[in-house]
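Annotated features in Swiss-Prot:
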SIGNAL    1-20  signal peptide
DISULFID  33-92  disulfide bond
DISULFID  40-86  disulfide bond
DISULFID  41-73  disulfide bond
DISULFID  93-106  disulfide bond
């Protein structure tokens with residue numbers, strides 16, 4: 001009987017210690033842009049959309065892409081600085097082509113600017 005009580009106390013103590021252990025947050029905050037660059041773009045659409053094909057075709061960019069294509073973009077270099085804003089779609093793009101005219105491999109992000 002005594003051994004059952006000891007086992008119960010040890011089990012309860014172990015559960016409390018596990019619950020009290022610090023947990024490290026490994027999630028990347030939404031406003032960070034991994035290996036790409038943060039851009040403010042006038043237009044963001046699926047690479048398979050007809051509008052994207054119309055933009056990519058004349059620029060000799062492959063039209064069998066997947067993901068999002070952003071166009072008419074400008075970099076947001078100083079995120080969080082007073083006066084920095086984007087009235088269009090903020091995206092994180094891995095490939096900035098044609099001086100921001102077309103950006104490939106984009107993901108929408110929310111910077112709360």
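Don't overthink the numbers, they just go from 1 along the chain as shown.
Just so you know, glycine gets a Cβ as well, placed from its N, Cα and C.
Location within the structure of each feature annotated in Swiss-Prot.
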| residue | record | DSSP (3 states) |
| --- | --- | --- |
| 33 | disulfide bond | coil |
| 40 | disulfide bond | strand |
| 73 | disulfide bond | strand |
| 86 | disulfide bond | coil |
| 92 | disulfide bond | strand |
| 106 | disulfide bond | strand |
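Within 10 Å of residue 92 (disulfide bond), as judged by C-alpha distances, the disulfide-bonded residues found are 40; the full candidate list was 40, 73, 86. Recorded residues residue 93 (disulfide bond) and residue 33 (disulfide bond) have their alpha carbons 8 Å apart, per Cα-Cα distance. Non-local neighbourhood of residue 40 (disulfide bond): 73, 74, 75, 76, 86, 87, 88, 89, 90, each in the same chain, at least six residues away, with C-beta under 8 Å from its C-beta. Sorting the disulfide-bonded residues 86, 92 by the number of other Cβ atoms within 10 Å puts 92 first. Taking only the Cα positions, the spacing between residue 106 (disulfide bond) and residue 33 (disulfide bond) is 10 angstrom.
The least crowded of the disulfide-bonded residues 33, 41, 73, 93, judged by other CB atoms within 10 A of its own CB, is 33. Taking all protein chains in view, 26 other C-beta atoms sit within 10 angstroms of the C-beta of residue 106 (disulfide bond). Annotated pair residue 41 (disulfide bond) and residue 33 (disulfide bond), C-alpha to C-alpha distance, rounded: 15 Å.
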